[in-house]
Amino acid sequence: MVKVDLESKRYGEKLKEVFLMLDNNVVECIKEITESSRNGKLVFFVGAGVSTLSDYPQWWRLVDKYHEELYGSPKKGNYSSDEYLRIPQIFYNVKGEMAFDGILKDFFQVDKPTNPIHDKILAMNPAHVITTNYDNLIDTACWKRGKYFSVISAEEDVANATSSRYLLKVHGDFRKGFKGENVVLKEDDYLNYDQNYPLISNLMKTIIATHTIVFIGYGLGDYNINMLLNWVRKLQKDSFHKPFFIRTDPSPIENETLIYYENKGLRIIDAASLIDSNEYDYLERYSAVMDLLIESQENKFITKDDEVIDYIYGKISPLFALQYIRKIDLKHVFEYDYHFEVNGTVVRHKNKGFGYMERFFELKESCDERSKLSKKQYERFNALFNFFEKNGVICMAKDAGTLNTSIEINSLAYHGKYDVMKKFIEEQSVSIEDDYKKAFFLACLGRWEESYDLYSNIILNSIDESNGCVYYLSQINRYRIYQSITQAVTQFNGLGLLTFGRHYKPFTDEFLARIEREMTNFNIDDLFNGMPFEFQKKYKILEFLSDNQFLYDDTVKLFELTNKVRSEMSEGSYSFGMSSDIVVLLRLYDNLRFLYENCLWSVSFHEFHQYIRNSMSLLIEKAEYERTRDIDELGFSFFGKKSGFFMEYYDFVNISRHFKIDDIKNLERSCSIDKIRFGEQEKIEEYLVGIAEEITKQFSANGMNVVFYTQFISEAKAALYFAKYVKLSEEGLGKIVKALLFYFPERDLDIGKRYVWLERLTKCNELPKSIISIIDDFLVLQAEKHIDQNYSEVSSNGLYSRDYGALIKHFEKNFISKRLSEITLCLTQDKQKQIDFLFKLLPLLSTNAKSHLLSFKSVENINDLMNGIRIGLIDEFTPEHEELIIEYLETRKVNYIVEKEKGIQTFSSNDYMSTFGIWYFLEEINNSKMEEFIGMDDQYDFFVDPENFDYKKFIPSWLKNYNDKLLGKIAGNKHMKHHVIEVLKERVKNSNDKRYLEILMNYFI
């Protein structure tokens, strides 16, 4: 090796020159040590030589003292390794414990300062420090630098450790007094070490087996070093990770000696081979090595383009096995030298050395500079270029202009391509990666038992193939499938009878018993730390998956961004640069793409759905704010127009997949979704049609997969509900309406809810004739069902087939149903169920059919009256009609008294009291007896006697159901107006429901 005069140049430049002239083996040693430091796997094993730099008493002098007390004089010549242990043992046996302890106290009761090497050791950020020294110098250095380690020098300290970092004093110390029982010194102490210190011994062995060890402060002939080296080799066995040894002898090591120790598994960094120094200047030699390590840790020795490419490639190439990575996780790969922003820009952070990422992007922009790279480096550069491009890493932030960040997820599962997934599963696997993808697709298709078993096989096969990445991800996915299965079993046991009409068991008892046995005591939190060291080093960014709260950091960040966005909204401020809502959007899609493209199972977990819901809700809330706020001069000057937010395909899918119907309703109450532009409508339609076709397939055939059904049906309901805002082709709309009316399970959407979904679809699409024909087919089917005298339509919202007829008439006033008319013309008096049903659809019938039907039907009860009004058969109330209403109210009053006595105070969905109250208020009914029925229904009372009504009982949501005529009449009523205005003001202030503001502004102000 070439020596450099350290006195000739500035120290930093000298170190760089030393580094550039180092032997390649030493360079690799330095790189590996600094890499271990960055990965939290570095352990320094500190010997007496480091304490000697602080003038702490040396061990051989203590042995000399014992020898002199025994034999009257110091030993002539050097002690052998055995004598270092035997002489203290002889003294203890001959002179006794008290004399032995007395010499210890006299010898070691000193106060010495720490030295620079203690600080330099800690500057390398070791995970643990192990030492055979008795002193407290390293303890003191830790406290000075704010590094907290649990000091363990006795057995009881192990259980009382308060930090995950240990300062392990394997030979004890004198914190509990200068007694031989507190330290390892004499021969018996060494021979009985494992027996006397089992906890410390096991802890040390565990650390040694899983970390990179650097010995410092020892001599190659030291008894401790030979014993410890044998331990390391024994513990690490086949995966023996050769420890490092910092040698600080004055003269360079002989080549034969170097080879000898390398064959024993010790990698030596020889200070004397690096620098010329005074024979007695051990501090300078220690410092030379430690400073090289520290400077290398800060990338100060990277200068050439080849080194830049090699360094980045070494960090990134293990990640080529992943289909996508989250940009924010790259900071872990580069030890926080840079931050990788979600918009694809890179920001220098902790890097104090050469700007290697800056240089990479300079090479990216310069063909001339790239052409100077060697063939190997050019290939590596292209591999890195492709990796960064695929993962959306674009440029340094300082060089970024206007960025158009595109969003693209290439997962079949994300896009709901179920048929393509099934086809892939049936094909022959070429690699273990194919099997891994198949297991994920099986899970997405609800075939969880098959998925679990395939993951189990992959785990075994990946061990044989040494494919750590597939092994780790399969372990995580298998565990999460297991969680999904246990949740499903609980759900089916508790709700299966209500949902499916019977207790449904999608998994056999044998399978459940087996997976319970296999997963008992499996702790996902321990998975990453249990992986081989090399895997942990390469895939640090995957550690967060080995955690039940793997979205925790993003959830916290989302909370911060939510507060920031809402603060901006409340203050009316403008964001410059990348706004908080854009950060939310990009982080959201980074997470989605990472999870889906790497086939990570997470879609059945509440936390994941909640994270998506919160993110999307925030984006829409911000868009509503941007749409409705006034643009001031600043806005015109800098922006010129309001927010350009629009709903893309991916946004639509995320809302469909992760929002419940109530969540969408909440959005609609707080934001004008209809004012948001919906882009990529063809892609959205393809997605919606795919859902419709899947519903049709699932419920056209026997043997429906109930597990798939439970995870798919919520998405289907939300997607078709949210489709209100999408302009569809007539063909696509037809497929959706058919699936909705003929194939959607009654238990999920009864006839009333299906009407709501259908009516919403007309907002952007109206009701083309082809769709009217589909609805007509549906009504014919319903008419045929009513042949059964026991059949009744089930509705949870008071909407029935009659409302479908009204919807048709709204869009096609002259529509006549030929088939319904034919059924009607075939009616006979005994088919009363069909007569009642078709009476409600009277407007859709031909003139002859109407006449024929009315020959069987007259207005005989309140339901006939209400149906007659709905279908337009009754335009004005006759005295006979009012008598029917009064009879109904009298019956209702009697029932009310009985129900009240029984503790029942609710009305059925078919109760007409509030409707009759409204008609009385609008003077469509003038019967004075109406006031006799006050006290049964608050809404009825509000309209019949507004002057004396108790407005504490007024429910604001009533107003949202009233039409323009009724709201106008309320606003003109002197008894109602003031009270209603106060209620509306309170709702505007304390709720996000924009409808209250619209009612207040449009009718009352």
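Even glycines carry a Cβ here, placed using N, Cα and C.
Copied over from Swiss-Prot, here are the features:
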- 1-295: region 'SIR2' (REGION)
- Lys31: site 'Interaction with the phage SPR tail tube monomeric protein' (SITE)
- Glu32: site 'Interaction with the phage SPR tail tube monomeric protein' (SITE)
- Val50: site 'Interaction with the phage SPR tail tube monomeric protein' (SITE)
- Ser51: site 'Interaction with the phage SPR tail tube monomeric protein' (SITE)
- Thr52: site 'Interaction with the phage SPR tail tube monomeric protein' (SITE)
- 56-111: region 'Inter-dimer interaction' (REGION)
- Tyr134: active site (ACT_SITE)
- Asp135: active site (ACT_SITE)
- His171: active site (ACT_SITE)
- Met204: site 'Interaction with the phage SPR tail tube monomeric protein' (SITE)
- Thr206: site 'Interaction with the phage SPR tail tube monomeric protein' (SITE)
- Leu495: site 'Interaction with the phage SPR tail tube monomeric protein' (SITE)
- Leu497: site 'Interaction with the phage SPR tail tube monomeric protein' (SITE)
- Leu498: site 'Interaction with the phage SPR tail tube monomeric protein' (SITE)
- 549-1005: region 'CTD' (REGION)
- Tyr574: site 'Interaction with phage SPR tail tube monomeric protein' (SITE)
- Phe576: site 'Interaction with phage SPR tail tube monomeric protein' (SITE)
- Ile918: site 'Interaction with phage SPR tail tube monomeric protein' (SITE)
- Trp919: site 'Interaction with phage SPR tail tube monomeric protein' (SITE)
- Leu922: site 'Interaction with phage SPR tail tube monomeric protein' (SITE)
- Tyr962: site 'Interaction with phage SPR tail tube monomeric protein' (SITE)
- Leu966: site 'Interaction with phage SPR tail tube monomeric protein' (SITE)
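Annotated features taken from Swiss-Prot, shown on the structure.
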| residue | record | Cβ contacts under 8 Å, 6 or more apart |
| --- | --- | --- |
| Lys31 | site 'Interaction with the phage SPR tail tube monomeric protein' | Ser296 |
| Ser51 | site 'Interaction with the phage SPR tail tube monomeric protein' | Lys112, Asn133, Asp135, Leu137, Gly217 |
| Thr52 | site 'Interaction with the phage SPR tail tube monomeric protein' | Gln58, Gly217, Tyr282 |
| Tyr134 | active site | Phe108, Lys169, His171, Gly172, Asp173, Phe174, Val183 |
| Met204 | site 'Interaction with the phage SPR tail tube monomeric protein' | Ile130, Leu168, Val170 |
| Thr206 | site 'Interaction with the phage SPR tail tube monomeric protein' | none |
| Ile918 | site 'Interaction with phage SPR tail tube monomeric protein' | Phe943, Leu966 |
| Trp919 | site 'Interaction with phage SPR tail tube monomeric protein' | Phe877, Ile925 |
| Leu922 | site 'Interaction with phage SPR tail tube monomeric protein' | Lys965, Leu966, Lys969 |
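For the region 'Inter-dimer interaction' (56-111), the DSSP-based tally of helix, strand and coil residues reads 40 helix, 0 strand, 16 coil.
Ranking the recorded positions Glu32, Asp135 by C-beta neighbours within 10 Å puts Asp135 at the top.
Other Cβ atoms within 10 Å of the Cβ of Tyr962 (site 'Interaction with phage SPR tail tube monomeric protein'), summed over all protein chains shown, number 15. Rounded to the nearest whole angstrom, the C-alpha distance between Tyr962 (site 'Interaction with phage SPR tail tube monomeric protein') and Val50 (site 'Interaction with the phage SPR tail tube monomeric protein') is 86. Figure note: comparing Cβ neighbours within 10 Å for the recorded sites Val50, Leu966, the maximum is reached by Val50. Val50 (site 'Interaction with the phage SPR tail tube monomeric protein') and Glu32 (site 'Interaction with the phage SPR tail tube monomeric protein') have their C-alpha atoms 22 Å apart, to the nearest angstrom. Classification of Tyr134 (active site) by DSSP places it in coil, neither helical nor stranded. Annotation note: Leu966 (site 'Interaction with phage SPR tail tube monomeric protein') sits in a helical segment as assigned by DSSP.
Taking all protein chains in view, 19 other C-beta atoms sit within 10 angstroms of the C-beta of His171 (active site). Along the region 'Inter-dimer interaction' (56-111), the predicted structure has mean pLDDT 91.
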